[in-house]
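Q: Straight from TrEMBL, here's the annotation block:
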- 12-31: transmembrane segment (TRANSMEM)
- 51-70: transmembrane segment (TRANSMEM)
- 91-115: transmembrane segment (TRANSMEM)
- 127-150: transmembrane segment (TRANSMEM)
- 162-180: transmembrane segment (TRANSMEM)
- 192-216: transmembrane segment (TRANSMEM)
- 223-247: transmembrane segment (TRANSMEM)
- 342-590: domain 'Phosphatidylglycerol lysyltransferase C-terminal' (DOMAIN)
């Protein structure tokens, strides 16, 4: 009972404090304006010329266009399927009413709930909270940047740099830890493209709002825009943080305090006109829009069904075009993207929507535009990873930047023999394993998952976090869908390998041995798998890729390839796979431009090395506003 009473008291205080603060500010403002000539202020409003009213209306419109885009970013962040036009209309209406009535998050959640057909109230609240928090964060950065570019004595010298340093740290957290977990809850942080978009929208929003106020100030006022802008931003921040309806009181008090040399009557005349244009008029339009929406028949309240776009991996038919290695999508939250120009495997990482391997149908050129639109619909950049040379040519023809990133070790199982000098080291390793007396076998179902997990943990204790993303990590349900081969020593499991298997090829995935396993154990296991693949009629067996050797034509290419080579275990992988005398086929990554290619490469390096999830899984539905036809 006491807890309920305490909770109720907190709720009352949460809503009452902004009103009390507003009343206190209004009382203080009235005291400050004691003896103020209201007629002079009204005369200042009347002196605003029609063309200035028109400019103010135009600047207000531009500001609200930027405001409306916040909801588009928020919907993409939460993977909610809504047309951009509907999101912008709901967002602009919510902000127009919320900034005037106060309690912006509560009002905004209600408005979005009623303006977007079929949107649950909980999702509307998430959207409102996301918009509010990200806007306030962006506003603090804009204020800090403005204070550095346009110094004002009203802000402590150290505060702007501290805010910008904090923002930079937040960007680093969003890059390295895009998914946070606490108490069983998973929180996906905004991507770097989303943060950049939100900051840009905040700049446009606030600068146009400041311009609307600036053109409404009396012409006799000697106040430059460079002087007004940082003061306006601070006043706007005070108004928003106060939570009072329309920011009345804190906004005016801040302007008067930071512009003491400006005549009060002329300044407040401009503020009054600004409130009419930027607050009252949008609120009236927003109210009419909301009432119009509420008056519609319930039959229109159902959201249109979204056509399927991202399909589960399980829906992929086992065709000759399907790469066996696509089985990794079962572990990394990936899906199959289908559109009119083709289909491919897709996985989300912190900053990218990545197309894995060659397309299942179509080619990289025809899929370039649909992939970019699909990535933009998730606030991400797009890249293609581990595509063959032929597909890299198509990507380059579409204007994408291409980087040689790895080499795939491929062989024909039917031609795999142990004769000749090329297999000398493999023969030696296999003899060592045979001399040690280990026994090799194909695993039967059910798999000995407990013993396999012990081997995997021992391997991780020695080698560290296993690489992920396009390489599997041990997981019972995951390896149960693969072809597995086991190595035993006196009845004890000492190692295993697993392969993705499709109609035309096998692909090596997990390789795990105990630290004390006899030398040659892994070579013998892979050799056994190759012979079984030949017996099964597999036309192709991939030992998976090894990072490309350091080098390249440009400094950027050399740096990225060196990074992939070192962190990807390049030397050891190449030495091991070379024992089987494979054909090395170059694989590439591609992205629309050098900047996106660099960000994508760094993001994929992070995804491969960290144990944290690459991103929240793809929602298996398509945004109806995104057309993926070429």
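Glycine too: its Cβ is placed from the backbone N, Cα and C atoms.
All TrEMBL annotations are machine predictions without curation.
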Q: When you scan the chain for residues with a C-beta under 8 Å from the transmembrane segment (192-216), skipping those not six or more beyond its ends, what do you find?
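A: Those are 48, 52-53, 55-56, 59-60, 62-63, 66-67, 69-70, 73, 76-77, 134-135, 138-139, 141-142, 171, 174-175, 225, 228-229, 232-233, 236, 270-271, 273-274, 277-278, 351, 379-381, 599, in sequence order.
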Q: Return the stretch with the most CB pairs under 8 A relative to the transmembrane segment (223-247), choosing among 51-70, 127-150, 162-180.
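A: Looking only at 51-70, 127-150, 162-180, the most contacts with the transmembrane segment (223-247) come from 127-150.
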Q: Going along the chain, which residues at least six beyond the ends of the transmembrane segment (127-150) come within the CB cut-off of under 8 Å?
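A: Apart from its flanks, the transmembrane segment (127-150) reaches 70-71, 73-75, 77-78, 80, 91, 94-95, 104-106, 108-109, 112, 159-161, 163-164, 167, 170, 190, 195, 198-199, 201-203, 206, 226-227, 229-230, 233-234, 236-237, 240-241.
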